[in-house]
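What follows is a single structure, written as structure tokens, with notes after it.
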Amino acid sequence: MEGKNLTSISECFLLGFSEQLEEQKPLFGSFLFMYLVTVAGNLLIILVIITDTQLHTPMYFFLANLSLADACFVSTTVPKMLANIQIQSQAISYSGCLLQLYFFMLFVMLEAFLLAVMAYDCYVAICHPLHYILIMSPGLCIFLVSASWIMNALHSLLHTLLMNSLSFCANHEIPHFFCDINPLLSLSCTDPFTNELVIFITGGLTGLICVLCLIISYTNVFSTILKIPSAQGKRKAFSTCSSHLSVVSLFFGTSFCVDFSSPSTHSAQKDTVASVMYTVVTPMLNPFIYSLRNQEIKSSLRKLIWVRKIHSP
């Protein structure tokens, strides 16, 4: 079968959750609701952190960046899916597909890095509270966040350029609701060995760094918490990181099942469902997890609402 270079093909087709467009119509309302809740919730977290000077700390600086990443992450995939359902089309241009792939990989890895950075912040807060301000200086916080953005932008660009170098067969149907890397590789007519090798090396390395940071940080955190004599002290210390731990478990538990398995063993339906969990559900739940379990966020939300009530006509 003769392959065509990616740049010579005008479009491909996102099959979504079903090849029949009529079967996807009931999903429109659900995904629109989840998208609006996700964007509104994460932007509200950012607004609260910016407006309340008491939240101008390293922990909330990282949380604001995580909320920004979540809002951008869900905006990379869901709007195109909603537009396709609304206009009864499955088409996406190849340039649009590559652009979606770039931003998807950027924000999914950025979220992983930010969660690892927040785990380190939690470790310093619990294990070295007296030196917290000295260690988590503004310069270090800005460096960690900036490095996460820059490294993942370059990492995503590498994968996008490698994808652009492949040739594709006559079948341009992607069994997914967005342009993910593994479904695209499965359509290639040329040997994607280089792409898969880069995925294995860079994905494995970055994943290992993030996971090791999480494991080492939380091992020390739990060890320190267990040494606290009072039950109240243990609860207070654990509450500092419980929200973050919940988000970490949900995000990594679903994303690892999809991104670090061989393309030959992938089930399109299972991948699609799992991808919904970490591309839509997790970004939607993050603001609720952090706001419901965090007294400072709840207090700032109440103050923000109260101030707006006072100034409203």
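From the backbone N, Cα and C atoms, a Cβ is placed for every residue, glycine too.
What Swiss-Prot records for Cys97-Cys189 is disulfide bond. Swiss-Prot lists Asn5 with the feature N-linked glycosylation site, giving sequence analysis as the kind of evidence. Summarising the annotation, Swiss-Prot assigns topological domain 'Extracellular' to 1-25, 80-100, 159-196, 260-272 and lists sequence analysis as the type of evidence. Positions annotated as topological domain 'Cytoplasmic' by Swiss-Prot, on the basis of sequence analysis: 50-57, 121-140, 220-236, 293-313. As annotated by Swiss-Prot, transmembrane segment applies to 26-49, 58-79, 101-120, 141-158, 197-219, 237-259, 273-292.
Most Cβ pairs under 8 Å with the transmembrane segment (237-259) belong to 101-120, among the candidate stretches 58-79, 101-120, 141-158, 197-219. Considering only the disulfide-bonded residues Cys97, Cys189, the Cβ with the fewest other Cβ atoms within 10 Å is that of Cys189. Contact between the transmembrane segment (58-79) and the transmembrane segment (197-219) does not hold: fewer than three of their C-beta pairs are under 8 Å, each pair 6 or more apart in sequence.
The highest tally of CB pairs under 8 A with the transmembrane segment (26-49), across 101-120, 141-158, 273-292, is held by 273-292.
Listed stretches 101-120, 197-219, 273-292 were compared with the transmembrane segment (141-158); the greatest number of C-beta pairs under 8 angstroms is found for 101-120. According to DSSP, the secondary structure content of the topological domain 'Extracellular' (159-196) in residues is 15 helix, 5 strand, 18 coil.
Residues 6-7, 9-16, 21, 24-25, 27-28, 31-32, 35, 160, 163-164, 174, 177-179, 184 of the same chain lie 6+ residues outside the topological domain 'Extracellular' (80-100) yet bring a C-beta within less than 8 angstroms of a C-beta in it. For the topological domain 'Extracellular' (80-100), the DSSP-based tally of helix, strand and coil residues reads 15 helix, 3 strand, 3 coil. In the predicted model, the topological domain 'Extracellular' (1-25) shows an average pLDDT of 66.
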